[in-house]
Amino acid sequence: MAAGGVDVSRSSVAVKKDYDFYRNGSRDVYVRQSGRDDERRQIKRPSDHDLRRNDGRHRSRLAYEKGELREEAEVQRPSEKRRKFSPIVWNAEKVGRAPSREKTKSPFPVPTTTVISNQAVAGKTTSNDQVNALMSPEPSYLAPVQPSEALLAVKHPVDDLEEGQLEEEQVMQEDVKEGLLEEEQVMQEPNIKTSRWGTGLTSPKEELISVNVSKTNRWNRSSLTPECEEVMVSEEQQCYSSGSGSGHLSVEKLSADGNSGREYYSSDHDELEHEDQDSLTPGEMNMMFGSRSVNEFQKLNKINEGTYGIVYKARDEKTKEIVALKKIKMKEDRFEEEYGFPLTSLREINILLSCNHPAIVNVKEVVVGGKNDNDVYMVMEHLEHDLRGVMDRRKEPFSTSEVKCLMMQLLDGLKYLHTNWIIHRDLKPSNLLMNNCGELKICDFGMARQYGSPIKPYTQMVITQWYRPPELLLGAKEYSTAVDMWSVGCIMAELLSQKPLFPGKSELDQLQKIFAVLGTPNEAIWPGFSSFPNAKAKFPTQPYNMLRKKFPAISFVGGQILSERGFDLLNSLLTLDPEKRLTVEDALNHGWFHEVPLPKSKDFMPTYPPKR
């Protein structure tokens, strides 16, 4: 006691009684907590016979299955201390089988009863047994003893049952059978044949790739891991813009100026179809379950019809919004017989539904045809123009500030794709859509795919020939984002000059036109050049870069001019060696976009009357 303090007793005057049921289910033992210690008292309880009759149907199945009921070779205990078990199931995860119901006579002189579970017989104690040992101390002679096999083999005759106990045993047998049946129904092994997905309607995995997935699931991340599975993208579908682009691999009509590229051979398409075809399984093809019907849209007019699809301008009857309906044509080949849906179209749908960026076309959903229509439609936002059509309608090239505005939007959208490990593999003016608000959006992900690290071999039959980089023309199969940057350089040159930079008529002619402007490469300029399959061809020797002559800094006869910084950007994008080619991040941070004239605001970009 502190000096000068008052000695105050710590004992409680009023005794607080708290009676709690034990968690082991005993109903006859209570705890009374008072000032300093806990007293355990035995509360008077009704006769065993009454409890057996009243509580026979309320015994816990789990307690029985765990062996915590009276069973063979059990140590007897006075009847007045026999415990009843709570019907509350404390641990439903542990499921066991009911032991045998035969009884044996105890070899011990003391007629006591102690709970012996299956785990106790095996030499283990359950958590409830430990709680019982701590909460209710018993004499040492009441400790559970493991019976021998000889004792377990002894059977107790039915005549030895007490009065009323036979009825109790019958009730218990019925309860246990019902309990085991219910437990078997609940705890049965998972079987896909008996699940609700065994019917082929839908599955959890298919629900995740449902075409009605919310836009909140779209990628809004800065990067993805390179080891993630290939994003399923498509080659078959063209952008819904008019087929005015030209060149090899184009799925659109030839341009009005008569420039033509090589036809898109079916063998090239087959090679693209077979590229990583094992990445899709038949279970991932059932993605149209629960989609809306195309009858909920009113078709206004046809925008374009190509080899692989028809595009309509339509109105959503529910929201009254003008959209573009892109009809996916089904082809009869092995993939559709196996999966029921074109592989490349499935890839395109999945990647477009996963992307969320203002410079990438927005695919709202995928709808199915009517009762007699098995076609599938992509519902996309409607934009009035494509860059190829706008360039054909203009009588003069874009100004430098307008080119900067368009290039920044293109690079911004491409940065989003490359950050998410996606290569577009078909960038060209006809795959860039525009609206009357000055916005540019990338579309047509038919050849796009997700790449990883290390780089895997891909098909080189991608990208329209006029915008295809030299490494693909030379037969390279290991490539990454540098192929898109070459296409961006070709688009920039076309925006400045109003005409394609390398309009080759064949792959060989395309290479010759590239080398005629940029110079013929060698091992010093391009390490590894001679190792390409098509590098053995003899090309005219031209050691000089003639690109500056096409885009002079000063012009005395009119036409477009390009500053030093602008030429540096264009020349860096059109570097022959893909390892030295400019990346999208470096292109966005280039000084050309920060010098006068500055990029024009999208609000002040020229508008054009809609043609569709």
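Cβ coordinates are placed from backbone N, Cα and C, and glycine is handled just like the others.
The shown structure was predicted, so the numbers you read here are calculated from the model rather than taken from an experiment.
For 26-54, the entry in Swiss-Prot reads compositional bias 'Basic and acidic residues'. Swiss-Prot lists 297-593 with the feature domain 'Protein kinase'. Taken from Swiss-Prot, the feature ATP binding site covers I303, N304, E305, G306, T307, Y308, G309, I310, V311, K326. According to Swiss-Prot, the feature phosphotyrosine maps to Y308, an assignment based on similarity to another entry. Annotated phosphoserine per Swiss-Prot: S453, in sequence order, evidence recorded as similarity to another entry. Feature annotation from Swiss-Prot assigns phosphothreonine to T459.
Sequence features, as recorded in Swiss-Prot, placed on the structure.
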residue : record           : Cβ neighbours (10 Å)
I303    : ATP binding site : 19
V311    : ATP binding site : 25
S453    : phosphoserine    : 10
T459    : phosphothreonine : 19
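A Cα-Cα distance of 31 Å separates I303 (ATP binding site) from T459 (phosphothreonine). Rounded to a whole value, the Cα-Cα separation of V311 (ATP binding site) and the residue listed as 'phosphothreonine' is 28 Å. Reported as a whole number, the C-alpha separation between the residue listed as 'phosphoserine' and T459 (phosphothreonine) equals 17 Å. Per-residue pLDDT, averaged along the domain 'Protein kinase' (297-593), amounts to 88 for this model.
In this structure, S453 (phosphoserine) belongs to neither helix nor strand by DSSP; it is coil.
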